[in-house]
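S.K.: Heads up, here are the entries from Swiss-Prot:
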| type | residues | note |
| --- | --- | --- |
| DISULFID | Cys14-Cys74 | disulfide bond |
| DISULFID | Cys21-Cys68 | disulfide bond |
| DISULFID | Cys22-Cys55 | disulfide bond |
| DISULFID | Cys75-Cys88 | disulfide bond |
| CARBOHYD | Asn23 | N-linked glycosylation site |
| CARBOHYD | Asn77 | N-linked glycosylation site |
Amino acid sequence: PTKMTRRTEPASSCSTGSLDCCNSSGDATDTSITTLLAGIGLPIGSVTGLVGVTCSPITGIGLGGSGCSSEALCCSNNSFKGLVALGCVPVDLSL
């Protein structure tokens, strides 16, 4: 199978969601992600795209720090108390 390269957007382009710093991320079809989603009551197949895992809001952009030492993502739905964030796109905090 061909591995898809993740597209990285400038952090400033995150206008549809929140900037989040996530410990890891994976495709919604990955076994570890589907297990996690099922564990919080989301039906398998109801979530698509990139999912952030163990996320917190990024603050301090433009204040001289990167604001995230893990994976910086722009996510459209982070209403699961930081456990997962849905609809994510990787972002570059330096752009």
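Each residue, glycine too, has its Cβ placed from N, Cα and C.
So where do these features actually land, and what's packed around them?
M.R.: Around the Cβ of Cys74 (disulfide bond), the number of neighbouring Cβ atoms within 10 Å comes to 25.
Taking Cβ-Cβ distances under 8 Å and a sequence separation of 6 or more, the neighbours of Cys68 (disulfide bond) in its chain are Cys21, Ile58, Leu93.
In sequence order, Gly52, Val53, Thr54, Cys55, Ser70, Glu71, Leu73, Ala85, Cys88 make up the list of same-chain residues 6 or more apart from Cys22 (disulfide bond) whose Cβ falls under 8 Å from its Cβ. Cys22 (disulfide bond) falls within a strand when secondary structure is assigned with DSSP.
Other Cβ atoms within 10 Å of the Cβ of Cys88 (disulfide bond), summed over all protein chains shown, number 29. DSSP assigns Cys88 (disulfide bond) to a strand in the three-state reduction.
Cβ environment of Asn23 (N-linked glycosylation site): Val53, Thr54, Cys55, Ser70, Glu71 lie under 8 Å away, each six or more residues apart in the same chain.
Asn77 (N-linked glycosylation site) falls within a strand segment according to DSSP. Residue environment of Asn77 (N-linked glycosylation site) contains 14 other Cβ atoms, counted within 10 Å of its Cβ in all protein chains.
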S.K.: Which has the fewest other Cβ atoms within 10 Å: Cys21, Cys55, the disulfide-bonded residues listed?
M.R.: Cys21
S.K.: Any idea what the Cα distance is from Cys75 (disulfide bond) over to Cys14 (disulfide bond), rounded to a whole Å?
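M.R.: Answer for this pair: 8 Å between alpha carbons.
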